[in-house]
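Notes follow once the structure below has been shown.
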Amino acid sequence: MRVTDIISCALLQASIALSTPVEELGAKAVVAKRFPPVPFLPGKASSVPGSRNKTCMLKALGGGKDDSANILSAVKQCNNGGHVVFPKGQQFTIGTALDLTFLNGIDLDIQGTIQFTNDTDYWQANSFKQVFQNATTFFQLGGKDINVYGGGTLDGNGQAWYDLYAKDIYILRPILFGLIGAKNAKISDLKFRYSPQWYTLVANSSQVVFSNIDIFGDSKSKNPAKNTDGWDTYRSDNIIIQNSNINNGDDCVSFKPNSTNILVQNLVCNGSHGISVGSLGQYPGEVDIVENILVRNISMSNASDGARIKVWPGASSALSGDLQGGGGSGAVRNVTYDGMIVKNVDYAIEITQCYGQKNLTLCNQFPSNLTISDITIKNFKGTTSKKYDPRVGYVVCSSPKVCSDISIENIDVKSPSGTNLFTCANAEGIQSQVNCTVEGDKGGHS
């Protein structure tokens, strides 16, 4: 079944009964938002959340004092059917790594601001180590039947990290929001600000919805905020990311290894590296699968890419000291990008099996062990930047044996000079679909 087949997914929210007198504390608990049924999702419907029958109202200590212990206590008290409120107008400080992977039937109603401390030494030593690309997280949130919402802000206090990374690219920079081992979780109506690295990691999770998330964070110094992906999914299934605004400096969304049955829709992305499959095939001996992905109705501005698939070649290569790899195996299959408006992007479409390898002759000698097949990219409109003018796209496979059934249709994208050329190689049938030029020397950027 193709990913574009409509499969209804009823996303029902809990009705919450509040039992504590929260009004006397000068704050108000808010019931979790309801989501309408969502078409297009190629996965299973979410299960019905349970009821909520108790409320824990937090009060910030203030003055930069660590609220972590009080937060942990409230979460434990209101777990299994409760509602934790971070009141509006209060700023909570987290200076201690929190393991919240025990959650069950709980609403985290973040109306105020949660800010993580900028103690880079502490966080490098104590943040939670994840298993992919040296990823770490400030906290781990997991379990089942979880709602996180409220209109508030999570602030990663990233400036100290941007400046430190400029001096040492091997530091471990925490991810702002770590959803680890979650099932039936809904995260909505929140602002994510100034993450040290990726904004969101969704790992080993299923039946998850992100909706109405506003992401923003830039650097106030000469040192840019790098690797600030909006979302990265990893070993996760049945995920929705929708109705959000993202201003960042790396992938708007990235499907990392073993991401399946994912719907991404109605996003406005600015300053990113596109909506990306990968990178994949980075680690020898690992099998990476990304399949059944639908990306639809996207606005992409001032970005390196619109739609992007990036796969490492069969031999080791390096983009930088902290990003190198190649030789892994697996497959990318049944991926559809349908509907994207692009403005000032370097490439509207980029598919490469030579990621990290600028010498394409060497890449062709050691083709990727990871296959790309059944890819549909259609209904794109807009303009590219001057960077690769006169080209607007790049489709370069390492061998026709590992790259097949790529369909590109209804692409109305022009370069500044008015052309619509693609660099093409080793992709059977692509010459009849787009205006191909000779093979270039680009092996993929970070």
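Note: Cβ is positioned from N, Cα and C throughout, glycine not excepted.
Feature annotations, reproduced from Swiss-Prot:
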- ASP250: active site, proton donor (ACT_SITE)
- HIS273: active site (ACT_SITE)
- CYS252-CYS269: disulfide bond (DISULFID)
- CYS397-CYS403: disulfide bond (DISULFID)
- CYS424-CYS436: disulfide bond (DISULFID)
- ASN53: N-linked glycosylation site (CARBOHYD)
- ASN118: N-linked glycosylation site (CARBOHYD)
- ASN134: N-linked glycosylation site (CARBOHYD)
- ASN204: N-linked glycosylation site (CARBOHYD)
- ASN258: N-linked glycosylation site (CARBOHYD)
- ASN270: N-linked glycosylation site (CARBOHYD)
- ASN297: N-linked glycosylation site (CARBOHYD)
- ASN302: N-linked glycosylation site (CARBOHYD)
- ASN334: N-linked glycosylation site (CARBOHYD)
- ASN359: N-linked glycosylation site (CARBOHYD)
- ASN369: N-linked glycosylation site (CARBOHYD)
- ASN435: N-linked glycosylation site (CARBOHYD)
- 236-257: repeat 'PbH1 1' (REPEAT)
- 290-311: repeat 'PbH1 3' (REPEAT)
- 403-434: repeat 'PbH1 6' (REPEAT)
- 1-17: signal peptide (SIGNAL)
Simplified DSSP label at CYS436 (disulfide bond) comes out strand
With DSSP, how much of the repeat 'PbH1 1' (236-257) is helix, how much strand and how much coil, in residues? 0 helix, 15 strand, 7 coil
Candidates HIS273, ASN297, ASN359 (recorded positions) - the one closest to ASN334 (N-linked glycosylation site) by CA: ASN297
To the nearest whole angstrom, state the Cα distance for the pair ASN204 (N-linked glycosylation site) and CYS424 (disulfide bond). 36
Nearest to ASN134 (N-linked glycosylation site) by C-alpha distance, among the recorded positions CYS252, ASN270, ASN302, CYS403, is CYS252
Conformational class of ASN369 (N-linked glycosylation site) under the three-state DSSP mapping: strand
Please name the residue among the glycosylation sites ASN297, ASN369 whose C-beta has the most neighbouring C-beta atoms within 10 angstroms. ASN369
